[in-house]
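For reference, the structure discussed in these notes is given below.
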Amino acid sequence: MKKKRVLTGDRPTGKLHLGHWIGSIMNRLQLQNDSRYDCFFIIADLHTLTTKTRKEEILQIDNHIYDVLADWLSVGIDPEKSAIYLQSAIPEIYELNLIFSMLTPLNHIMGIPSIKEMARNASLNEESLSHGLIGYPVLQSADILLAKAHLVPVGKDNEAHVELTRDIAKTFNRLYGEVFPEPDILQGELTALVGTNGQGKMSKSANNAIYLSDDAKTVQEKIRKLYTDPNRIHATTPGRVEGNPLFIYHDLFNPHKEEVEEFKTRYRQGCIRDVEVKARLAEEINLFLNPFREKRSELVAQPKFLEEALQQGTEKMRTVARETMEEVHDHLGLSRKWRTILASSK
């Protein structure tokens, strides 16, 4: 049976954190190791430009790409099983994005909730939204359809992006002939992990993240400062467990479930100090992160391996991209005669 192609990835904005692990990485590892799927993982550096256009920000992207590569491979993304590629190294993406932009009504894009969220996160008002930021869902559609992905793992907040991609595929296929599969949403990406400050999801920009590469001392310090129940002034004050980051993290990263339930009971009764519960959490998170940190140290010491992993996956995607665009041009028919003449004169 032919494998279904899966496309997912990250913008290279820095090191990955526990929120990435919970929100996407666990699911990606399951997909990679499932023989029914052929996984393509994109490092979406072009998407970084939607909110980061200052020269100093752009120059940081090279290092961030190394960070993403090192983090992916340290947690088990395998370049022998999956294609890891760099978005900007695939020139066909630019071309397909332009073609799709001609087929996509603006009101379809502006109805996507994440456009406004990205603008808020970048402190942009409506008047200062760039053409690229408004159009980035179309660029995402080009990423997905160029790879001819059948499945796209996303959370609830990004389902509208895949729906737009399906609409674009339908429009192209109806106007010019069948080229693109209509990708399905693959449920499995989990709810965002709350940040260490208890305010919104864990993210680099909010400075509330525990990184997969944080050393043990850093993890201990971040857990020591972890937001808990603000109404619990003393250890003898009964505390709230529900929605408390301290116990959200314990539920996710402490495998000793009986211990966690005992902590919850004593916390509700005011019979245990925050510092005790936090100390155990820090121990378990460090145990969880140890193999990733060790593997990452090995990978960082051999950058050539990281470069070859990216080169290998990018070459695979280039082959797919060329084949897809040949079909696009055949069906679109744009300047077909002259393209043939110019190609034969080389």
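Note that the numbers count up from 1, one per residue, in the order the chain is shown.
Even glycines carry a Cβ here, placed using N, Cα and C.
In Swiss-Prot, the motif ''HIGH' region' annotation falls on 12-20 of the listed ranges 12-20, 48-56, 291-299. Looking at 31-35, 201-205, 221-225, 261-265, the range annotated in Swiss-Prot as motif ''KMSKS' region' turns out to be 201-205. For the ATP site, Swiss-Prot records Arg11, Pro12, Thr13, Gly19, His20, Gly155, Lys156, Asp157, Lys201, Met202, Ser203, Lys204, Ser205, and the single candidate of Leu29, Leu146, Leu193 listed with them is Leu193.
For the motif ''KMSKS' region' (201-205), the model gives a mean pLDDT of 91. Only residues 6 or more beyond the boundaries of the motif ''KMSKS' region' (201-205), in the same chain, are considered here, and those with a CB under 8 A from a CB of the stretch are 13-15, 17-19, 121, 192-195. Looking at Met202 (ATP binding site) and Asp143 (L-tryptophan binding site), their Cα atoms lie 26 Å from each other.
According to DSSP, Leu193 (ATP binding site) sits in a coil region rather than a helix or strand.
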